[in-house]
Structures are given as C-alpha cells and as structure tokens.
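> So TrEMBL lists the following for this protein:
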type	residues	note
ACT_SITE	Ser168	active site, phosphoserine intermediate
BINDING	Asp118, Asp392, His396, Asp433, His508	Zn(2+) 2 binding site
BINDING	Asp118, His229, Ser231, Glu387	Mg(2+) binding site
BINDING	His434	Zn(2+) 1 binding site
Amino acid sequence: MWLQTQAPQHPESRLATAGSQEILNNSAQAACSAAGTLVSRVSRLPASLSSRHPTGMQGAWVLLLLLGLRLRLSLGVIPVEEEDPAFWNRQAAQALDTAKKLQPIQTAAKNLIIFLGDGMGVPTVTATRILKAQMDGKLGPETPLAMDHFPYLALSKTYNVDRQVPDSAGTATAYLCGVKANYQTIGVSAAARYNQCNTTRGNEVTSVMNRAKKAGKSVGVVTTTRVQHASPAGTYAHTVNRSWYSDADMPDEALKEGCQDIATQLISNMDIDVILGGGRKYMFPKGTPDPEYPNDASQNGTRVDQRNLVQEWLAKYQGAQYVWNRTALIQASQDPSVTHLMGLFEPADMKYEAQRDLTLDPSLTEMTEAALRVLSRNPSGFYLFVEGGRIDHGHHAGTAYLALTEATMFDDAIDKASQLTSEEDTLILVTADHSHVFSFGGYTLRGSSILGLAPSKASDGKAYTSILYGNGPGFALSQGSRPDVNESQSMDPAYKQQAAVPLSSETHGGEDVAVFARGPQAHLVHGVQEQTFVAHVMAFAACLEPYTACDLSPPATSTDSTNPGLTDAALPRPAAGSLSLQLLVGALLLLLSATH
C-alpha cells in the first residue's frame, strides 16, 4: 500500500515511502527529533568544516538527504509512468536502437587506461550505483554510474594458479602481465614460489605498461594505496612476496640471494613518468622524519640500507619533480617543464576519501587528471594505471560505508578520464581484481538507504541491515545470539555490518568480476574470459608486444598533444561551498552518531 503524506507531491508521481502507517508514524516522530539534533549540530560545526559546507538550498538538500538516509525514507519519487508498460517498452527499444547503431572502433589505440577497483565485485558496483544516486537525491538503482555508460562488457575469472579465491598480487600479474600466478606473488609466473627468493630469477613476466614504455609511450601509476602495494606493483615489480615493501621488510636470506624490495624496483626496473599515491616511508632512510608527521616516529623512513630513493629517482631525469601535498601536485602537473612527476601523499596508504584532508591530500580524481596532464604531452601516447585501492580495505574492515564511498570517488575518476580523453584514440578498461563476501538484500524498498535496515525482522525477532558480510570483524554475539541493530547504528559511517563467521579481516570472494570497455578495440571485451585476457586486449589494441604485427590502422588523431583534450582550468581547489556532498553527508553522520 502506498501511503499518502502531508508532503507536496507532483501530480504524476508518488513518494517512495515505507509500506506501513506504523513505520511512517515512527519515522515522523524520529524526523522531528533528528531535525532538531541536526540544526543544533550544524550550528556547532567546527569552523574548518562550516566554512566549506554548502549553503542555501544545497545545504537544505543535504539536511533532507541525511534525514532520508537515517529514516529509510526516499527523497526521490517513483514516477507514475513506471506503472505503464509503454514506459519500459520505450526504454528498452531505445537501448536496442543504441545497440544496433554501435560501431566498433577498429583502429589502434594511441592511449591505454586501466581503472582497477580493488575488491570491486559486482555487488559492490550495484551498491555503489545506489549510494551515489541517493547522495544526489535520487532513488538509486536506475541511475547509471560513469562505468555503466561503457558499451562493452565481459566477465573475468579471477582465480590464482594455486588459489580458488585469489589475492591482489596474483590477480595483478594476470590482468597487467597476461599470465596467471600464485597467491601473494607479483610479476612472476606460477613457477615461482611464495617467499622463496631463489625461484624469482628466470620466472619474471613483463607488464603491458613495460611494453608500452618500450614502444615510446609515457607511462604512469596512480593509486589510493601505497605505490608499492600489490596492484600497482604489478605494473613494474617482480617479487615472490607482496609484503617486501622496503628492505626492512625482507629476510636476510632473500637480501643475500639478490632479491630487491618493491620500492627499489619502483625506481630501477623501468622509467615511470608519473607515480602518484602513498608510500613515502619505504623510500627514505630509517629514522627520516616524515614531512607531514615529523613528530610521529612510526611514520619515519624505514630503509635499513639508508638509501634515499626519491633523490635517486630525481637525479635520473632533468625534468623530474617530487611532491607530497595537493597544492604542489597541482602546480607541478601544470608546469610544462615537468617531464617526470612523483607524488607520495602519505607514509603508507592514503586516507579514505571520507576522511581525506582536503587541503593536503588530493582525491583520486585530482591525481588522475594530474597524471593525464603530464602523460598526454607525449605525441606517441601513454599507458595509465589508476587504482581505487581502498575499496578493498573498507571491505576487509567490514565497514561498507568506507568501501562504497571509496567506490563513488573511483567512479568519479572514471568519469573525469572519460571527459578528458577521446573515445576515438583512447582505450579505457574498468575492472576489479577480485570480489568480496559482501552482499545486500532483505527486500528493501526502492529508494531506501543502501546502508539501512531491511523492512522486516529476521526469524529471531531482531532487525538486520540490508548489507551483510559472509565473514569478518562484524561478527558479534550478545548473550549467545546476534545483537539487535537499529537505524542509528546502521547509519554510522564506522558501523561494521554483521558477519556470519568471526574473522579479524573479511576475506575476498571468488566469483567473476566485470570488465567494462570503451574505445579502440573495446569490442573485443566480451563473454566470460580468463583474467589474463585483459592484458592481451590492451596489448593488442596498441600493437604492443607480442602483437606488434597487429595489422590495425593507425590511431585516430583526435587528441592534440599540445592541448590533449584536458580542461584548461586548474585542478579543482577546495573553496567555500565546494565541499562534496558525499563528504558533507559523511561528516554530518559522524557528528550525529556521536550521541548514540
């Protein structure tokens, strides 16, 4: 039954509200209380936040959105036309017409971009679609993500050679090098054994990025994790242990046998033009104070060999520049004399998007645009790896809010790259390395918060959230049974969704992941493929080894290398009224949850 409310309605629409008078009455009472709390809390916002939060109607919408999220009421409306079969028939016919007109781009690709959502399984993609739309005041599932607009799609089988459920190291070797590998090994074939240094030599495999560099293209790595982490390391490193970030992390035996830590390989294995992410402490001598946290010894440099890898890297290139904060990144990326750019913005992984320092830390979107500015100056084209790496970390923590807000920023970066490059000469692939044991269900009402409760109770008489994990830190018992959960708890950004099995860290999932594609040769992305297929499609599209005899027409020249399709304006800077809706909602939720 659809309830009538006192809210004004469009004559041809209906509110997507809860399905019982009791829920509506309870929600109305809660709304009064929550509204009063919100008003008082917002009036007490710290100056650092209040000076940046939206005002006027935008601020009002944020408050309404927050109420809607907390009360499981949709702020969107379900159009009455959706009751008419003609609506759906017309929509499907339009999609069919678009598909019939779709023409593959048969030329070679000048530029290659791979976006890697670490841990972004299909359930995460769907939940991100809903959350991102709801943050914009819409119902959710009907509003496409940027990646949803890509015309070609496939599924990728993610297993490692020795594991049915994989890790990010072995999978990185597959989609970046085209060869499946063993669990926790990077850039080596399955003949190499985990943690056995002497099995490395002779079993190295070559990444597509390395092949692009040999072909004369500029190359770059962008990530929200440390740049020495498993996924980005797959573009340049060869190691039998993904955790060998610096020499301090390696056993003496491995060092004596000649194996190198990943940070050393970052600057020595190949000429990388752009390196952006976290991981400062692995680049500096042990005890070197961090520029951002000089009084925190735990953030100091870690290198036992006392090498300063940043200085060594700078000495290799006349136009090289190193930065460690957002302002310097913006300036360096716009300086035409900068040919090589390294930006390391945290000692280890970068902060979650919801917790990011807007002054010091660039967003993934900003790093992506900065990388494109530098790389696009090469008339021969470029290869760029971009990772939304902390989607995975949010899931491991059992905290869906963190994982999904990371994924919304990841999609924003995809949207930016799509705007700044031409589909005629740039192949963009979007995929994941693996999934997680993350799910959402419970017959929730359309428009209800993806982070909220299911509309009915479980068999034990207790409420449960739509989002649940198969295992992880969210497992808990209260007097021998699972605890009850209320709306205030489930909407807390720090809330860990309940899990069936207790683990300190939630695990990966083993199901296939999606591969989205647009640009030259994107039509080759089809069906169900081994994860190695991703690397081979990219190599073939740009006529790189082993496909130099690809017999493709030269790349389109729609991108002017002197003005490579990028915006003329400076990268966005934080200013009054420019705080993202996602961040403001997160901040308000954190403030509101403090009373519970």
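Cβ atoms here come from the backbone N, Cα and C positions, even for glycine.
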> Measuring CB to CB from Ser231 (Mg(2+) binding site), give everything in the same chain under 8 Å that is also at least six residues away in sequence.
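Residues satisfying the criterion: Leu116, Asp118, Ser168, Ala172, Thr223, Thr225, Glu387, Gly389, Asp433.
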> I want to check the contact list for the residue listed as 'Zn(2+) 1 binding site': same chain, sequence separation of six or more, C-beta distance under 8 angstroms. What comes out?
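Same-chain residues close to the residue listed as 'Zn(2+) 1 binding site' (Cβ under 8 Å, separated by 6 or more) are Gly119, Gly121, Thr158, Val165, Pro166, Asp167, Ser168, Thr171, His508, Gly509, Gly510, Val513.
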> To the nearest whole angstrom, state the Cα distance for the pair Asp392 (Zn(2+) 2 binding site) and His229 (Mg(2+) binding site).
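If we compare the Cα positions of Asp392 (Zn(2+) 2 binding site) and His229 (Mg(2+) binding site), the gap is 12 Å.
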> What is the interatomic distance between the Cα atoms of His396 (Zn(2+) 2 binding site) and His229 (Mg(2+) binding site), given in whole Å?
15
> Are there any residues in the same chain, six or more apart in sequence, whose C-beta is under 8 angstroms from the C-beta of His229 (Mg(2+) binding site), and if so which?
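For His229 (Mg(2+) binding site), the qualifying residues are Ser168, Thr223, Arg242, Gly279, Asp349, Gly389.
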> Where does His508 (Zn(2+) 2 binding site) sit in DSSP terms: helix, strand, or coil?
strand
> Determine which residues of this chain, when Asp118, His229, Ser231, Glu387 are set aside, have a Cβ within 8 Å of the centroid of the Mg(2+) site's Cβ atoms, and list them as they appear in the sequence.
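Near the Mg(2+) site, beyond Asp118, His229, Ser231, Glu387, sit Leu116, Ser168, Ala172, Thr223, Thr224, Thr225, Ala230, Pro232, Gly388, Gly389, Asp392, Asp433.
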> Any idea what DSSP makes of Asp433 (Zn(2+) 2 binding site), helix, strand or coil?
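DSSP call for Asp433 (Zn(2+) 2 binding site): coil, neither helix nor strand.
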